[in-house]
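Student: Sharing a structure with you now.
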Amino acid sequence: MRGVFSRGSAKGLAVLAAGVLVLSACSGSGGKEAEEDTGGEGPRLEIAMVTHSAPGDTFWDIVQKGAQAAADKDNVEFLYSADPDGGKQAQLVQAAIDKKVDGIIVTLAKPDAMKDVLARAAAANIPVVSINSGQEESAGLGALAHFGQDESIAGEAAGTELGEIGAKKALCVIHEQGNVGLEARCDGARKTFDGDLENLFVQGSNMPDVKSSITAKLQSDKGIDGILTLGAPFAATAVDSVKEVGSEARIGTFDLNKDLIALLKAGDIEFAVDQQPYLQGYEAVEALWLLKRNGNVLGGGRPVLTGPAIVTKDNAAELEEFANRGTR
Amino acid sequence: MTDAVAEPPVAGRGSDERLARQSPLRRLLGRPELGALLGAVALFVFFSVVADAFLRAGSFSTVLYASSTFGIMAVGVSLLMIGGEFDLSAGVMVTSSALIAALTAYQFTLNVWAGVAISLVLTLALGMVNGLLYVWTRLPSFIITLAMFFMLAGLNLGVTKALTGNVASDSVRDMDGFDAARAVFASDLDVLGLRVKITVLWWLLFVVVATWILLRTRTGNWIFAVGGSAASARAVGVPVARVKIGLFMGVAFCAWFSGMHLVFAFATIQSGEGVGNEFLYIICAVIGGCLLTGGYGSAIGAAIGAFIFGMTNKGIVYAEWNPDWFRFFLGAMLLIATVVNLIVRRRVERTP
C-alpha cells in the first residue's frame, strides 16, 4: 500500500492538480485564442453553390476547386450541388434555403426557373450572388453581385483571334444543342471575325461522333481554314480530325485543361479563350464572406468579369503547372 | 429449325405451315433485315443526290467509321433484344470500361495491355451482375439496367475524381504498349486505296460471328427461344438463365471493345461521356428489324441499322443543312427508314 503514496506518485499528483488549475482558468469564449481559432473571424459560415452543371464537367470541377480554396481560407463550409434541369436546380436552391445556409451562389442559365426561389431566399434574408451565366438577369433577380465571363465579349475575343491566325472560313463547333451560352459565343465571334463562321452541331457526350462530324464537315468543305471549339476536350478531337483529313485548318478553343496546354505548346492549337472558372468559384465565396464579415459588396453592383484571358503558345508554359493541378 | 424460329409465321398451303416449301425469293423477302436494307439503299441514293461530298471515298470511310462505333455495340444489343431483354446501362458501360483501363494502367503505372485485360474482366463482370440480378430478382431488365446505368454514371465520376482529382482520366498516350494497342483498337488501314478505320473491320467480324451464333448454333436457337417465350423455352429444356446472363455479358464484351477504342483513339476519357448512347444502340437494332418484344431480329439487320444511323448522322453534315435543325432531320430520317422497313415487311407477310 505504501507504494501508492511513494514520492513519484505525489509528484505526479501535484502536476495533475496544476494542470487542472490551468485548464479551469481557460475562458470558454473570447480572448486571443477564439480569434485565432476561427481563422476567418467569427463562427464558421455555410455557403451553398447550386449550378446547372451536368455531372463530370471539367469546367465546373475547376469552379468547385476555386470555391473550395476560398472556403478553406475563410473557414467556410462549402456545399455544392448541381442539376442541368432548371426546375430541379430551383429545388436544390430551396433545399439550401431550408438548411438556413449563410449565403447562396447560383448560376442563372435558366433565369425564369430561378426567379421564385431567389425571392424566397431574399425573404429568408440569405444573400445571393450569381456566377457564370445570367449576367443581365442577375441584379433583377436580387443577386448582390455577378462573377462571370460575358459570353458575347469572350466570343468577340475569340473572333478577333481567329482573324489573327489568318482564318477566312471557320467552323464554330457547338457540343450541346440549345445551350444559350454556346450560341452566344459563336454569335460574338461572328461579330468580330472578318471571314465566314458557320455553326456545326456535334453530340458532346459521344467523342467518336464529335470526331466523325468534324471530319465529315472538313471533307465536305475543303475551304475551311479555321475551327473554333467551345470546350477543351473537343479541341483535342478537332486536332485529330484535321490531321486525318489533311486539312490546313487552324484551331482555337474556349476553356483550358492540361492536355490542351501540351497541344498549345506543340502548336497544334493556336489559342484558348479562358474564362478562368477558378475565379468564378473563388470570388463568389469571397464576396459572400466579405459581405458577412465586413459588409462589403464586390464589384460595386456591376458584374465582375473573370475573362476572357487568352492563352497562346507564348504563355502556355507559364500555366502548365496550374493546368496540371487541375485549377486552370 | 433455325429459320422456322427466325422467320415470322407464313401461311402455307400444306397441312403444316412449318413444312411448307418456300421459294428462295420468298425466303429472302422474309428475312428481318430486308426492309432495313431497302431503307439504307434509299437513304444512300438520297444523300448521294443532295450532298456533293457524300460520294467521295474519304467521306464514305468517315460514314463507315461513325456507323462502326454504333454498330459494334448494336451487335451485342441486338442479340440481347432477340433474347427479349434491354440493357440501358450499355452507353455508360462503354465509358466505365474505358475508364477502368485508363485509370488502372495510369494509377499503377502498368503496361496499357494490363489495363485492357483488367477492364475486360471487370466489364464482363458488370454484364454478369446485370444478368444475375435479372435472373435472381425476376424484375424487368429495364429496371435492373436502369439502376446499373445510374450507378455506373455515378461511379465513373466518383472514382475518377477520387483517383485523379479531376473529371477526366490522365492521358495514357506515352505509356508502354499504347502504340500496339492503338494498332489493334484504333488504327487506320489501307483497303484498296481507301483509308478505313480498323473499327469497321472489327464491326464486320463481330456481325459475322453473331450471325453464325444466331443461325448455325444451338445457342442461337436458344436465344430466339428465350426471347419468344421464356416459359416455353424452359419447358423444352433451354437453360434460360444461362442464356440471358450470357447475352448481358455479350453486351458487356461489346462495351469493353468500344471502351478500348475510346481509350486508344482519344487517350483521355471524360468521365461524363456515354449518357444517352444506349438508346442509339437500341434504335440501330430496331431499325434493323429487331422486335422490342424479343424473339425476332438479326445481327446483320442491326448492322444495317447502324449504317443507316451513321449515314444519316454524317449525311446531314455533308448536305450542309442548317445545324439548328440537325436533330429534327435525324429523327425524320430515322422515322422514314423505319416506316419503309415496316411497309416492306407487312407487304411480304401479306402476299401469298
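Cβ coordinates are placed from backbone N, Cα and C, and glycine is handled just like the others.
For reference, TrEMBL lists these features for the protein:
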TRANSMEM  B:34-57  transmembrane segment
TRANSMEM  B:63-81  transmembrane segment
TRANSMEM  B:88-106  transmembrane segment
TRANSMEM  B:112-135  transmembrane segment
TRANSMEM  B:142-159  transmembrane segment
TRANSMEM  B:198-215  transmembrane segment
TRANSMEM  B:222-241  transmembrane segment
TRANSMEM  B:247-267  transmembrane segment
TRANSMEM  B:279-309  transmembrane segment
TRANSMEM  B:325-344  transmembrane segment
Student: Please identify the stretch among B:34-57, B:63-81, B:247-267 with the greatest number of Cβ pairs below 8 Å relative to the transmembrane segment (B:279-309).
Tutor: B:63-81
Student: Are there residues at least six beyond either end of the transmembrane segment (B:34-57) with Cβ under 8 Å to its Cβ atoms? List them, or say none.
Tutor: 28, 63, 193-194, 287-289, 301, 304-305, 307-308, 311-312, 315, 318-320, 333, 336-338, 340-345, 348
Student: Any residues 6+ beyond the ends of the transmembrane segment (B:112-135) with a Cβ under 8 Å from its own?
Tutor: 85, 87, 89, 93, 96-98, 100-106, 141, 144-145, 148, 152, 172, 175-178, 180-181, 241, 244-253, 255-256, 259-260, 263-264
Student: Could you tell me whether the transmembrane segment (B:142-159) and the transmembrane segment (B:247-267) are in contact, taking contact to mean 3+ Cβ pairs under 8 Å with a sequence separation of 6 or more?
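Tutor: When sequence-distant Cβ pairs are counted, the transmembrane segment (B:142-159) does not touch the transmembrane segment (B:247-267), since fewer than 3 lie under 8 Å.
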Student: Checking distant contacts: for the transmembrane segment (B:222-241), what same-chain residues at least six beyond its ends satisfy Cβ-Cβ under 8 A?
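Tutor: Same-chain residues near the transmembrane segment (B:222-241) but 6 or more away: 2, 5-6, 79, 81-84, 135, 213-214, 247, 294-296.
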